[in-house]
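Colleague: Would you mind keeping the following structure in view while I ask a few things?
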Amino acid sequence: MGRIAVAVIVISWVIPISILVNRIVPEPYMDEIFHVPQAQQYCKGNFRSWDPMITTPPGLYFLSLAYIASLFPGMHFLQELSSFSDICSTLVLRTTNALLAVISSILVYEIITHLRPSLDDKKATLCAVILSLYPLHWFFTFLYYTDVASLTAVLAMYLLVLKRKYLFSSLFGVLSVLIRQTNIIWMLFVACVGVLEFIKIHQIDNVGVDDSRVSERKGAQSAHSEGVSSASNLRKRRFSTNMDSPNNFISQTAVSSTPYPSGLLGEIQGILLKSWHLKWELLASFSPFFMVFVAFVAFVCWNGSIVLGAKDAHAVSPHFAQLMYYSLVSALFTFPVHFTLSQVAFRLRSFRENRLLTLFQWFIALNAAFLSVQFFSIAHPYLIADNRHYPFYLWRKIIRYHWSTKYLLVPLYTYSWFSIFSGLAKSQQKVWTLAYFLATAATLIPAPLIEFRYYTIPFFFLILHSHINNNKSWLLMGTLYLVVNCFTMFMFLFRPFFWDHEAGTQRFIW
């Protein structure tokens, strides 16, 4: 088992399904009609060409060029191709994501084993394989979209921060932003996590130094005690006074103290104080992330927008309802953790133990959710006009089924967030959870269009840090993912339909 097993298992479904998809849908579909021709222009060396309808940077195309360059010598030797640009077919470009899907599964395995070193290898393999089946990630493995490459770059950046290789991590941060510009938020989040880990490691080192000093002092005092065993009681009293001196008390306290004070404000205060003491070390380690952020801000100022093309259709909008949709979608994709009798019973016990506080929290959360769906729910023209996407049907058949439906879903949204926070609280600091929520909000709220694939990166961070220990939960999640993947791929391949107003075959897609 291990990373090789994960790669082999993922390859076992990537290859046959890629062949099937390319046989039935050989031509570019949906957003591929923009990405594939643009990548082919780059294959021809025409780097000044740019389709104004493309909103994301050209990072995916550069990755494809590197991948194709590795294939070209062999195919040229076999006389399959006469020029480099001939290899840039839709099929080959799609295999870029197929390869990246395998790499991302290995990265997930490495992150799991790093975060939970005591975890059994077989279970880590199982978790990595099931996460590779996550429907929003799995489906776009077989198309030439930016999602798989974006996730892979972010996971690589995160793994390198966990391994304390900050410079290399920042370079993958650059790559992730070149693939999708909203990844600047996840780069900042990863840097914040890196700072938290950096501080924690230095605190452990300091505690270790204090512990060794205490041991040395005790050893010296023990030797001294043996040498003066025949001394007077006065000498013994002096020795006892030395043992209770303020310096010893401070050392013992340092050994037994927790890394941060309890409570969110206490954690923030402790982190700020420790960051000030380590300011030069932090500056040296994390300055590359800061330089990437400054360069990104300069680009946005120069470009006049965060997106490259189609700026009118992707204008930044206060879409707070996105957070509500994300919480419910994520909770449903981890339903054995959030929607079980034991979880509901736990929430009820928590309510009984802290009735006043829980009522206050629910009151605030319900009001915030209500205001979000009432005043900050956006019906983007693409959403209500394009019946090829599943959100189109969810919007019409559920959210807009009746005027009251969107309000009836508010308690579900709220419960989902409380359940998510409760799961994270079992294994993460409060500051980590706050940083995660803010990063998710900063990524999703400005997006006016409901696209479930935007939820992929926050979902992976969520599930990697939820520490789900129950094998049954993982197997149920894996079963759900398999069922959803079979359904969506069947609908995509074998249930095409046609529009009266536009030529060509239309297919259902996320």
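Our numbering is plain: 1 for the first residue shown, then up by one each step along the chain.
The backbone N, Cα and C atoms fix where each Cβ goes, glycine too.
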Colleague: When you get a sec, could you say which of 91-112, 113-134 is annotated transmembrane segment by TrEMBL?
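Modeller: From TrEMBL, the annotated transmembrane segment range turns out to be 91-112.
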Colleague: Please identify the stretch among 91-112, 323-341, 361-385, 406-425, 431-452 with the greatest number of Cβ pairs below 8 Å relative to the transmembrane segment (183-201).
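Modeller: Of the candidates 91-112, 323-341, 361-385, 406-425, 431-452, 431-452 scores highest.
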Colleague: Can you see whether the transmembrane segment (431-452) and the transmembrane segment (323-341) are touching - at least 3 CB pairs under 8 angstroms, only pairs 6 or more apart in sequence?
Modeller: yes
Colleague: Residues sitting near the transmembrane segment (406-425): Cβ under 8 Å, six or more positions beyond its termini, same chain?
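Modeller: Sequence-remote neighbours of the transmembrane segment (406-425) are 323-325, 327-328, 330-331, 337-338, 343, 346-347, 350, 361-362, 365-366, 369-370, 373-374, 377, 398-400, 432-433, 436, 462, 465-466, 468.
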